[in-house]
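K.L.:
Sending over a structure as structure tokens; questions will come in a sec.
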Amino acid sequence: RPFHVEPTNIVSVNDDMQRVTDEASAMNKRIHYYSRLTSPADRALIAPDHVLPAPDEIYVYSPLGTAFKVDSCTDGYGKNSSLVTIFMIWNTMMGTSILSIPWGIKQAGFTSGIILILLMGILTLYCCYRVVKSRQMIPLTDTSNWEFPDVCKYYFGSFGQWSSLLFSMVSLVGAMVVYWVLMSNFLFNTGKFIYNFAHDINVTDIVPGTNGSNKVICPSAASDHPPQNRTVMFSSGNRTGFELFEEWWDKSKTVPFYLIAVLLPLLNLKSPSFFAKFNVLGTVSVVYLVFLVTVKAAHLGIHLEFNWFTENEFFVPEFRILFPQLTGVLTLAFFIHNCVITLLQNNKNQENNVRDLSIAYFLVGLTYLYVGVIIFASFPSPPLSKECIEQNFLDNFPSDDIMSFVARIFLLFQMMTVYPLLGYLARVQLLRQFFGNAYPSLFHVLVLNLAIVGAGVAMARFYPNIGGIIRYSGATCGLAFVFVYPSLIYMISLHRAGQLTWPALIIHIFIILLGLANLIAQFLL
């Protein structure tokens, strides 16, 4: 029987049909949002096809593994308000780099460190803006499903496709290595705290540190003292059990290997989407770290002395030749360039993209500045030297510090849940490119996962320096995605349009040279 529409109902029916079409389109974009976020290094995580969110659910992932659902802030058509977009970008950029920012400021000098955070934030923001505009400059009718690697493929062909994959894998595997080093660190300190508390053991190591309830230590000086130079007080148990525990619970020799038994089986799962449910701990962890820094600074006070070019026993110069180590860390800290297009295309008001992106970068820079400056300024010098600031600033607090213990627990559990998701991303990117399938066989997946896990264990065993790993991987992937590709694409687009000027050419060549110098400096300093 033919369907009859009364003339008076034509408008309402058309409106309903348009609404259904718009909702379907919004859902497709949301599905695309997850499928496209497969290239950033721990910047985003993909949702498998069989667990796609409902039309009123939006999940956002970050380097620290944060996942949050946005349902009350959308307009019903898959679009986000400016406030949600800003928070999404902030949340996506906030990563493990935050733990190394105080160390980076120490390496660069206090004054130059602050200046570099501001300058790198501005520079990476400009390059990010160029990334957003790059897709709009392509003379094609439909590029709505494109991300920046697709833009690279359009301009540079197969070279752009494979080079973007290479640099993306560098940043992703680098992030997974950093996770393994940090998980080993957090697991070691957590186990040590629990064992000593359960057996009522008080261990006083011969490590420089402050006295009182808010103790700060200098672990880097511990290597100057033999392990036996310590005092152990037993209220229960015996010495033999304690010595056996220390033999089998070593930060670099044993604990990194224990993680294999837990994480390697999880990496081989076809779909690790279950772990995304716990990723809200990432946002909680960042908030708690800011709270921890504030409380510690309130108790420790401010300890600053300005020596512009000369060092003394307790303070570092305001300007140091090691400043590229901070720029390497900051390149990864401000890295969002290969997923920013997707994040912004879900913004309800597209005309506000530049404003919202700028506000998000400002908030990220403010967070990094706050944590870095407060930790550096409140570090008790004297009696300790600023050189004692560790690459993971939590290492400057002893394992029996309650607030640091809570932070390590949060971060450990959060990282153990996000690590399989990062492994899934690596699998999707690499195996799909070579075999056309993200899970060609258990053997293929196991070989890939063994290689990734082996890299993490090796680093945790022989080079457990997260600041070094972050700056190397950040400068490497940043060379392509932050400095070279956005500048080259912009110059090529202007040249094709006959609008390339000498000032634009010089400025963007200079940006490329800055990225190259940033990478080279990591291996020289």
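Even glycines carry a Cβ here, placed using N, Cα and C.
From a predicted model like this one, the values you see are computed outputs, not experimental measurements.
Pasting the feature list from TrEMBL:
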type     : residues : note
DOMAIN   : 81-192   : domain 'Amino acid transporter transmembrane'
TRANSMEM : 83-103   : transmembrane segment
TRANSMEM : 109-129  : transmembrane segment
TRANSMEM : 162-182  : transmembrane segment
TRANSMEM : 255-271  : transmembrane segment
DOMAIN   : 259-521  : domain 'Amino acid transporter transmembrane'
TRANSMEM : 278-302  : transmembrane segment
TRANSMEM : 322-344  : transmembrane segment
TRANSMEM : 356-377  : transmembrane segment
TRANSMEM : 402-422  : transmembrane segment
TRANSMEM : 442-463  : transmembrane segment
TRANSMEM : 469-492  : transmembrane segment
TRANSMEM : 504-524  : transmembrane segment
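Walk me through where these features lie, including what they touch and how far apart they are.
P.N.:
For the transmembrane segment (109-129), the list of distant contacts is 101, 304, 306, 308, 316-320, 323, 326-327, 330-331, 334-337, 340, 354, 357-358, 361-362, 364-365, 368-369, 372-373, 376-377, 482-483, 486-487, 511, 514: same-chain residues at least six beyond its ends, Cβ to Cβ under 8 Å.
With a threshold of 8 Å between CB atoms, the same-chain residues lying at least 6 positions outside the transmembrane segment (162-182) that come near it are 39-42, 63, 95-96, 99, 148-149, 152-153, 156, 256, 259, 332, 335, 338, 392, 411, 415, 418-419, 422-423, 425-426, 429-430, 433, 452-453, 455-457, 459-460, 464-466, 469-470, 472-474, 476-477, 479-481, 485.
The list of residues near the transmembrane segment (255-271) in space but at least 6 beyond its ends in sequence, with Cβ under 8 angstroms from a Cβ of it, reads 48, 50-51, 180, 183-184, 187-188, 191, 249, 416, 419-420, 423-424, 439, 442, 445-446, 449-450, 452-453, 456-457, 460-461.
Sequence-distant neighbours of the transmembrane segment (356-377) (same chain, 6+ residues past either end, Cβ-Cβ under 8 Å): 82, 85-87, 89-90, 93-94, 97-98, 101-102, 104-106, 110, 113-114, 117-118, 121, 124-125, 128-129, 132, 286, 289-290, 293-294, 296-297, 302-304, 330, 333-334, 340, 344, 347, 386, 389, 393.
Residues of the same chain lying 6 or more positions beyond the ends of the transmembrane segment (442-463) and with a Cβ under 8 Å from any Cβ of it are 173, 176-177, 179-181, 184, 252-253, 255-257, 259-260, 263-264, 267-268, 423, 426-427, 430-431, 435, 469.
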K.L.:
DSSP on the domain 'Amino acid transporter transmembrane' (81-192): how many residues come out helix, how many strand, how many coil?
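P.N.:
Breakdown, helix to coil: 96 helix, 0 strand, 16 coil.
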K.L.:
Are the transmembrane segment (83-103) and the transmembrane segment (402-422) close, by which I mean at least 3 Cβ pairs under 8 Å that are 6+ residues apart in sequence?
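P.N.:
These two stretches do not touch.
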K.L.:
Return yes if the transmembrane segment (469-492) and the transmembrane segment (278-302) have at least 3 CB pairs under 8 Å (sequence gap of 6 or more), otherwise no.
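P.N.:
As far as Cβ distances go (cut-off 8 Å, pairs 6 or more apart), the transmembrane segment (469-492) and the transmembrane segment (278-302) do not touch.
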